[in-house]
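As written in TrEMBL, here are the features:
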type     : residues : note
DOMAIN   : 37-177   : domain 'Potassium channel inwardly rectifying transmembrane'
DOMAIN   : 185-344  : domain 'Inward rectifier potassium channel C-terminal'
TRANSMEM : 71-94    : transmembrane segment
TRANSMEM : 148-172  : transmembrane segment
Amino acid sequence: MLARKSIIPEEFGLPGLVSRMPRKPVFRDRVNKARFIAKNGSCNLAHKNIREQGRFLQDVFTTLVDLKWRFTLVIFTTTFVSSWLLFAMSWWLVAFAHGDLDPESQNARNGTYCVTDVKSFTSAFLFSIEVQVTIGFGGRMITEQCPAAITVLIMQNIVGLIINAVMLGCIFMKTAQSNRRAETLIFSRHAVIAVRNNRLCFMIRIGDLRKSMIIGATIRLQVVRKTTTPEGEVIPIHQIDVQTESAVASNNLFLLAPLIICHVIDKNSPMYDLSAMELQCSDLEVIAILEGVVETTGITTQARTSYVSEEIQWGHRFVPIVTEEEGVYSVDYSKFGNTVKVKQSPPPTPLSLLFKTPYVLGCHSSM
């Protein structure tokens, strides 16, 4: 079949015109940066290639407390059962050496036993449990015929007390850990940047859900980002402390009601050289650390969270949540993290002369 030839030159046809049209650049999203601290306060850090594993065994108690519950319960059960079996074997050997297990022996015929009614390993195991946990049913008892049995009794009592002290202390410390109290210390989901008292401020909201107080509560903010020194050294996790102020103008917080913590973005702030667009595209992470002493237990507790660039809202402020109702102050926690856009947008921040690290002006790059 013959094809029909067009009288219009090919370069002026529709395919040719489309091929010469400037194409819209294709963008790809910015790769999400791994955050240093998770929202729940856990450290997002993996330790690899640790050669000196024996250092963990030099502090066994802390290692047991740091283990997960399932491993702790397995070690707890295994330790007690192993000690019962070990001393059950000792009691069985004492009875065997004395001839208590042989009914035809002279001691058995005379009724002079080391331990009465220990005639098998099962009965020796039951007697070991009775001795270590001080049950004492009364059917089996030690006599004065064997000094070896008295020695085993003393050793099992000492070992049993040590095991009880370590294992029960470990269980108690795990249930009374300070991070349990931190579960009721809450942070706002997002941070905001807005003008407050004629100053550009970075703000977060903190609160305590319990009525028991946190004594001597303090708040710290750290900015974590990747920087490069003038010598060319790349610091992947550069931590910078920033100044904070609360409604009481003191770092010693009276956390009776939710508070808004402010960081003034001035010339000394590591966020001074970031505009709204640069902030959204930077690998900035702000870590908030709240510390204090629990009023009821006297244990120091710490709550942590972090805010990456996507969780910082520019030109927003927190809505009020404390109201007075019938002579009582009421806190509406359903609005704890709610924000509202302010009418007056934050002024453009000038470039800081403190940090010379260049920032990417856009979140996208062409393919």
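Glycine is no exception: its Cβ is also placed from the backbone N, Cα and C atoms.
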Chain residues in Cβ proximity to the transmembrane segment (71-94) (below 8 Å; excluding those fewer than six residues from its ends, i.e. six or more beyond): 64, 101, 114-115, 118, 120-121, 124-125, 127-129, 131-132, 146, 148-149, 152, 155-156, 159-160, 163, 167, 170-171, 174
Per-state residue totals over the domain 'Potassium channel inwardly rectifying transmembrane' (37-177) - DSSP helix, strand, coil: 87 helix, 4 strand, 50 coil
Reported mean pLDDT - the domain 'Inward rectifier potassium channel C-terminal' (185-344): 87
